[in-house]
């Protein structure tokens, strides 16, 4: 790596373009700058060098990702050997140079969304400290539900620890997605496909959301309340709990029980 740093430093001194965007090569490069690739590969020393020499931190590649996106994304062969501490150090370097935190990529996700989705809690916490919007909605894409916030996603995926983390950081408990559904709507859905343990965890998520002020009778765009959804999914333990919390039965105005 030291040899690479010396070569890169020499090329920069000789006028090399720090922000040159490499076009697609074998469907790998995606229009990234050298800083994109250094962040993607977890090369903290290279990131520090490039940034110190004036590399722009806010350039978008062909996937509409900044280097900050790549610093937090997991998965694929490029990431399996990257140390977690390198990732957060790169995040710190980029944020120190003013990289925007709330840019949505082609999947409709911000760096914070990726950190939360991939359970990078230390990175998520740091992004939030630096001003990332915990209630920023996922953008429109085929990959994620439109209008989700991270709390919607955590509730839908039955991730109790993540729900606790997000709520502790100020996530809006009654945020509405594009179909006017709250995290509570999603917390009561799809439980038949979960194990018994996960079903119990779903109930704990419901209890958590309500304890943090979730409204139990919100109507979505199809006039469905969490109680109606719970009953339609034969999720009777959750339905019983909702009734204990004074949920009112609102028969749907439409003949619709799909979700």
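Just so it is clear, glycine is given a Cβ too, placed from its N, Cα and C backbone atoms.
Over in TrEMBL, the protein carries these features:
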| type | residues | note |
| --- | --- | --- |
| REPEAT | 30-62 | repeat 'ANK' |
| REPEAT | 63-106 | repeat 'ANK' |
| REPEAT | 107-139 | repeat 'ANK' |
| REPEAT | 146-178 | repeat 'ANK' |
| REPEAT | 179-221 | repeat 'ANK' |
Would you kindly list the residues that approach the repeat 'ANK' (179-221) from elsewhere in its chain, counting only those six or more residues past its ends and only Cβ-Cβ distances under 8 Å?
146-147, 149, 151-152, 154-156, 158, 160, 163-164, 167, 173, 227, 229-230, 233-235, 237-238, 241-242, 245-248, 250, 259
Other than its close neighbours in sequence, what residues sit by the repeat 'ANK' (107-139), given a CB gap under 8 Å and a spacing of at least six beyond its ends?
63, 66, 68-69, 71-75, 84, 87-88, 91-92, 95, 101, 145-151, 153-154, 162, 165-166, 169-172, 175, 177-178
State the non-local partners of the repeat 'ANK' (146-178) in its own chain: residues 6+ outside its ends, Cβ under 8 Å from one of its Cβ atoms.
108, 112-113, 116-117, 119, 121, 124-125, 128, 134-140, 184, 186-187, 189-190, 194, 198, 201-202, 204-205, 208-209, 212-215, 218
DSSP residue counts for the repeat 'ANK' (107-139), split into helix, strand and coil:
16 helix, 0 strand, 17 coil
